[in-house]
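These notes are about the structure you will find just below.
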Amino acid sequence: MVQQRGARAKRDGGPPPPGPGPAAEGAREPGWCKTPSGHIKRPMNAFMVWSQHERRKIMDQWPDMHNAEISKRLGRRWQLLQDSEKIPFVREAERLRLKHMADYPDYKYRPRKKSKGAPAKARPRPPGGGGGGSRLKPGPQLPGRGGRRASGGPLGGGAAAPEDDDEDEEEELLEVRLLETPGRELWRMVPAGRAARGPAERAQGPSGEGAAASAASPTLSEDEEPEEEEEEAATAEEGEEETVVSGEEPLGFLSRMPPGPAGLDCSALDRDPDLLPPSGTSHFEFPDYCTPEVTEMIAGDWRSSSIADLVFTY
């Protein structure tokens, strides 16, 4: 019957009428959706029913054409078809779906999972352990707190940790302290713990500064180096005019200033202003719009002998 339809179509010169084709012939077989491995295939849809015949035609015309290119052309042609032309193939796909359900009632679509390739093998590490040159090498340890903690054990011993904490607290609390030098006096921010160790150190002169520094040096931590002391001294010299001074130390600072030309000369402030040469107008000269009473009061004697003279009578 199918061959007769195809022969009639060839004689008429038109396309063969849509019929069941190979899909219907395969449906008559008992295992028409089973593969040799036992896998049950999905029922074909309308496009698959239509593309079976069209694919064969393209393969006959262009046998060297790639399968992907054939699929692209079939997809474009299917989209160009009108809905009325797709109706026969839609009906055939529905019939195949119902037959598939009758033959395989327990069928459930389970798409195959894409097999992931084996994970790439880890690169062999060079002998010697570690990550090679990617890891940073530990630098030389400075002789400071780290060295003291390492010598005391993994945690620096029992008394090393409290001692370090005390030193940190002393460095956080700062206090203004006067440093006396041979030709100059300046203010410096020093740790409060060091300033409180001896109040007598502030009263020492230039000669006692070296002795005070030598006496305080054993109590300082081992990690403080001379370079840090030089930097602190330089910083104190730069900011000597900006530091804030509190307490009684400013009074002592003024009392220890040597008298002389460098000191403050207050004698110029005690001079009588009447003895100064007149320069321009005085601040006691008022314009002409002053009242006679005000002019008389200004011209009169300010140093009255009694309070009664200052009372005005109108």
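Cβ atoms here come from the backbone N, Cα and C positions, even for glycine.
If you look up Swiss-Prot, you'll see 1-40, 101-287 marked as region 'Disordered'. As annotated by Swiss-Prot, DNA-binding region applies to 40-108, with the evidence given as sequence analysis. Taken from Swiss-Prot, the feature compositional bias 'Gly residues' covers 149-159. The compositional bias 'Acidic residues' annotation in Swiss-Prot covers 162-173, 221-243. Under the heading compositional bias 'Basic and acidic residues', Swiss-Prot lists 174-187. According to Swiss-Prot, the compositional bias 'Low complexity' annotation covers 191-217.
The DNA-binding region (40-108): residue composition by secondary structure is 51 helix, 1 strand, 17 coil, according to DSSP. On the 0 to 100 pLDDT scale, the DNA-binding region (40-108) averages 92 in this prediction.
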